[in-house]
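Pulled from TrEMBL, these are the features on record:
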TRANSMEM  70-90  transmembrane segment
TRANSMEM  102-120  transmembrane segment
TRANSMEM  147-172  transmembrane segment
TRANSMEM  192-211  transmembrane segment
TRANSMEM  223-241  transmembrane segment
TRANSMEM  270-292  transmembrane segment
TRANSMEM  304-329  transmembrane segment
TRANSMEM  361-381  transmembrane segment
TRANSMEM  410-432  transmembrane segment
TRANSMEM  438-459  transmembrane segment
TRANSMEM  480-499  transmembrane segment
TRANSMEM  511-530  transmembrane segment
Amino acid sequence: MSTSSSAKNTITNRKSPAEVQIGQLHEIQAVTSSHGVPIRYVDAKSATSDQQVLAEIGYKEELKREFSSIQIFGVAFSIMGLLPSIASTLDGGLTAGPVGLNWGWFVAGGLILTIGIALAELSSSIPTAGAVYVSCYQWAPQRVRKCISFSVGFLDTLALSASVCSIVYGLAQQILSAVVVTNPDFDVTNPISYGVFAACIVLMTALTSMTSKFTSKLQTVSIVANCFVIVLLFIVLPIGVKRSDKLNHSFNDAKFIFGKVDNLSDWNSGWNWCIAGMMPAIWTIGAYDSCLHMAEEARDAPRAVPFGIVGSISVCWILGWLVCIVLLACMDPDVDNIVNSAYGQGITQIFYDALGKRWTLGFLSLLIICQFLMGASTVVANSRQFWAFARDDAIPFSGFFKKVSGRTAVPVRAVWGSSGLALALGCLCFAGDTASDALFSLSVAGMYMALIFPITLRLTYGKKDFRPGPFYLGDFWSPIINWISVFFQAFVIIMMMFPSNKSVAPDSMNYTVVIGPGFWVVSLIYYFLWQRKFYKGPKSNLTDEEFQEFVGEDVIDAIMSHNAEVHKDRMV
């Protein structure tokens, strides 16, 4: 009798619960790891369909695969939103001068690419919406894997919600900046900022609650819109400078762009270059994990998701560097005039100096459209992580939020639930600029605090159990690049905790040092006091019969053979 036939007989004599925890899996759905614990058998490289590899991970398909590789790329490219993001972070980067913004972007972008490659390999190996915390469970030591996977998933969910906050709050500031250009006497207050912020989130949530097909088309629109506004910048801004009396009809020279050092903080120039100069790239070229969270709606996910991650980082790295060079060439050489602009954002001052009021309003309108699309894409990615976490019973009211709409095949409840979390976090904006800056930092520090765990576990404890997917750089280059990414992530996490100035007061302190680790501690307390009663690790929602149907007899044979060999070795 073949192993698959034996498996069939075993299945027939076994009850088939609707949900099976990985830690209690029947032998047909799990293999024994190198450390003697049951883990999922996932071989994305050999899988013949998306349905098969998702079943190997333990889930049935509930969402429609409407996203092509380009549209998966578009999710991350849209969230990065080059020009809107640079507009939101330009002032901070310029506190280290043109050298800080220019070379800080270039160096940080190259290092971020190593993280992207590491995450692309992970997503190619385990292409599911919750891959960040699922992979932690797969590769962590048995005694702590539930706790680690829950904490990582918890922090990743919060970091994505913080990303929604920071992007949409930046959008609100863009809208209000345009209002100030029109009416300089307009007083922007915290309640007004939050009102615009909340209205934008509600509108984005309503749009992204529609079908996956509509959401995928939205990514195509976003790619076109972002590319259009960048091309327009490259053409119009230099023409404006040549016609501007204020800028003496001349550009800043290469010595200014590539060599001028400023330091508008009381840190030494080297450290200020790190915490200020690298920050625009670190914040802009972020949320590339959004591609991973869209894995269950991607066609050919083991290849499409890595393409989206690596492609979006590479394009934004180089294209963003060119944008920085153009802005530096066209700006007022007095950096202080840009950083402390009366319009609230330095890029508004650059536009106004070169193009005048009407063109500035036109550009701001285009940036507002791009940043709205950027926020909508972030809401989508955030909701998919929220939904995946609910599917594994890891959040309150999981039974409610895990439901997928039968009409649209979209987790509508998770879309609104995750947006509600973002609205709650956004209330920190009432505490002023210091709190909103901490929110910006949490979106980055939280993401890196979550991503560093699965990458490190894959390189260490789970090294022998890592099964590469179609995207893999090989046994030589892959570990090198992954370790570089780990060290850089650790550096960024530490750097994000520092204030912008050495001398701090309560209103200038960087509270990320409290909020970031604080949320981590809260996740652990919440897990041990309550959620561990319900969260038992990633949960399969497949019966053994469904599993066998979706993965095929070759996979069943491989699993049974592997387990037989392990059992034989133990007997010896």
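Cβ coordinates are placed from backbone N, Cα and C, and glycine is handled just like the others.
Remember, TrEMBL labels are computer predictions, not curated facts.
A contact between the transmembrane segment (438-459) and the transmembrane segment (270-292) is present, since 3 or more of their C-beta pairs, 6 or more residues apart, lie under 8 Å.
For the transmembrane segment (480-499), the list of distant contacts is 111-112, 114-115, 117-118, 121, 274-275, 278, 282, 441, 444-445, 448-449, 451-452, 455-456, 458-459, 473, 508-510, 512-513, 516: same-chain residues at least six beyond its ends, Cβ to Cβ under 8 Å. Ranked by number of Cβ pairs under 8 Å to the transmembrane segment (361-381), the listed stretches 70-90, 147-172, 192-211, 223-241, 270-292 are led by 70-90. If one looks beyond the transmembrane segment (147-172) by at least 6 residues along the same chain, the residues whose Cβ comes under 8 Å of a Cβ in the stretch are 79, 81, 84-85, 87-88, 130, 132-134, 136-137, 140, 193-194, 196-197, 200-201, 204, 283, 286-287, 289-290, 293, 368, 371-372, 374-375, 378-379, 381-382, 385-386, 389, 392, 394-395, 418-419, 421-422, 425-426, 428-429, 436, 439-440, 442-447, 449-451, 453-454, 457, 519-520, 523-524, 526-528, 531-532, 535, 537-538. Count of Cβ pairs under 8 Å against the transmembrane segment (270-292): among 70-90, 192-211, 223-241, the largest is for 70-90.
Against the transmembrane segment (102-120), the recorded stretches 70-90, 223-241, 304-329, 410-432 differ in Cβ pairs under 8 Å, and the greatest number is found for 304-329. Long-range contacts of the transmembrane segment (70-90) within the same chain, counting only residues at least 6 positions beyond its ends with a Cβ under 8 Å from a Cβ of the stretch, are 101, 163, 167, 170-171, 173-174, 216, 219-220, 222-223, 226, 229-230, 233, 279-280, 283-288, 290-291, 294, 298, 304-305, 307-309, 311-313, 315-316, 319-320, 323-324, 327, 338, 345-348, 367, 370-371, 373-374, 376-378, 380-381.
Long-range Cβ contacts of the transmembrane segment (410-432) within its own chain (Cβ-Cβ under 8 Å, at least 6 residues beyond either end) map to 63, 157-158, 160-162, 164-165, 168-169, 190-191, 193-194, 197-198, 201-202, 204-205, 208-212, 215, 379-380, 382-387, 390, 400-404, 438-439, 507.
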